[in-house]
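Below is one structure, written out as structure tokens, with a few remarks after it.
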């Protein structure tokens, strides 16, 4: 299965438009359909088909202004609900899999293996849907002495990968339109490819040299760093009133399970008491003899009993929380599943409405100005500065919202509808990686004095990992491989939309679980299985590149993959199986998204043709009967 996936990925990479010559002449756009066929990655023209402002009377101008204001208010409201639903989704995943995540972290022997640590970081972040939560668990384990900082570095790398699954799920909500899905999925997976490629280079380097550990150790030892205040709450001040009214979690339970506290296993993650007070009192206890008395405490004998005093801390519950599940006598799993379903429903609904509102608002001069501001480079010779400013913008925005998942999930639909290009989304995503680490650094600075050094070193390892990844995959245009891979994957998922679900399943579940299983079996088994797969992958890459660029140097049998069974080098047979199953599902369940690929293509062409006719008033009268007959025929077929 993995060999077939590698063959497919690198086959679409070598056939990507990026590998083709780019000196083609841009002809006049006679139709929208021709433009999409020539290059579907061109950003669509968001045209305004309504009346111009100068042509409106006073009533029309007032109505247009009121409509714009209402749309803006609705857009802000839907964005607010979108962000809150992401927060509730993270809480739902923690309720469903939080204790399992704590159990995974308990096996310190496995975490000492860098590859296993990386995979555990991916799986735990996938379970709790928050790299901040998984990082805080790692910091707790390091501070308690259960895990060394050097062993924590691969786990932090895995957390960086796991957090990118959220915006990939968001991109799948735009599967209704083929070209929007192409751009949105590429805009989401460019984050995945950056993280995986960075790990591919930096994990072996860290395992061999410990460069990140040594660099951060020098920084910690060189500066007299004092603890400060907590990281500022910016977006949380706005979203917490709503999310706290739905659910509040005691995230310390997961950390306690990971650090081996047996009492934490029976605790619920759902917070019941939001205001408590701890009172410490001296209590007399009986001990077997004087040798068992508490050091420094009073010890006396009464009759045949030896007594001493110890400090006992008691927690007094003062005030209950106000969320809707505080009185619900339900297990964590049931509450988590309820919140998971509701948050996904709200997330999908808000995303669809946001896309529709943006499509209706971004027209005419507004669209031109926004696209120019977001996608235009500075004039020569300062064009190279634009990308680095985008990185800083991404870091700043992520620092404000305090979540890279929220920021990247917010720009994904903008990439889909064509407001932001893939080339501009890439540096914004890199900046979001830096922004989330700066928040973690500030949070680590607020740690107590005894855990400050370890907490800050883990946060700095995360920071320098992302800096090193940016230095590898951004400064030189030739090294921006994640863009080319994401574009190729976007082309493939636009043609076979079921491949997006397969990609998520393989890259974030099956492959990590397989690697974890091999790691548990021992490094000999891992090397014995991994080395042949790596050799096969390199062979496939080299052969695909030579097939695309210099096939004359290959043996005749390797100039194509036709000697293999067709399902091993083509997705068409698999597509027929999947689309047949989805067509059966559509016939039984009346599911609109389960139509065949040919029907979707025809529907897309008819929709674009109707848009052409609407845009060109000259053709309206001549083609109106033809369109009417098509609509009548389509209705008859239905």
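Every residue gets a Cβ built from N, Cα and C, even glycine.
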Looking at the candidate ranges 281-306, 307-332, 333-358, report the one that TrEMBL labels transmembrane segment.
333-358
If you check TrEMBL, which stretch out of 525-546, 547-568, 569-590, 591-612 is marked transmembrane segment?
525-546
Should anything in the same chain at least six residues away from the transmembrane segment (455-476) have a Cβ under 8 Å from its Cβ atoms, list it; otherwise answer none.
135, 138-139, 142-143, 149, 152-153, 156-157, 159-160, 194-195, 197-198, 201-202, 212-213, 215-217, 219-220, 225, 387, 391, 426-427, 430, 433-434, 437-438, 440-441, 443-445, 447, 482
With CB pairs under 8 Å as the measure, which of the listed stretches 62-83, 151-173, 193-213, 333-358 comes out on top against the transmembrane segment (496-519)?
151-173
Does the structure show the transmembrane segment (333-358) and the transmembrane segment (151-173) touching, where I'm treating 3 or more Cβ pairs under 8 angstroms (sequence separation 6 or more) as a contact?
yes
Contacting positions for the transmembrane segment (193-213) when only residues 6+ beyond its ends and CB under 8 Å are counted:
114-115, 118, 149-150, 153-154, 157-158, 160-161, 164, 426, 429-430, 433, 457, 461, 464-466, 468-469, 472-473, 481-482, 485-486, 489, 507
Same-chain residues at least 6 beyond the ends of the transmembrane segment (151-173) whose Cβ lies under 8 Å from its Cβ atoms:
86, 89, 108, 111-112, 114-115, 117-126, 129-131, 134-135, 138, 141-142, 181, 184-185, 187-189, 191-192, 195-196, 198-199, 202-203, 206-207, 212-213, 347-348, 351-352, 404-405, 408-409, 412-413, 416, 433, 436, 458, 461-462, 465-466, 500-501, 503-504, 508
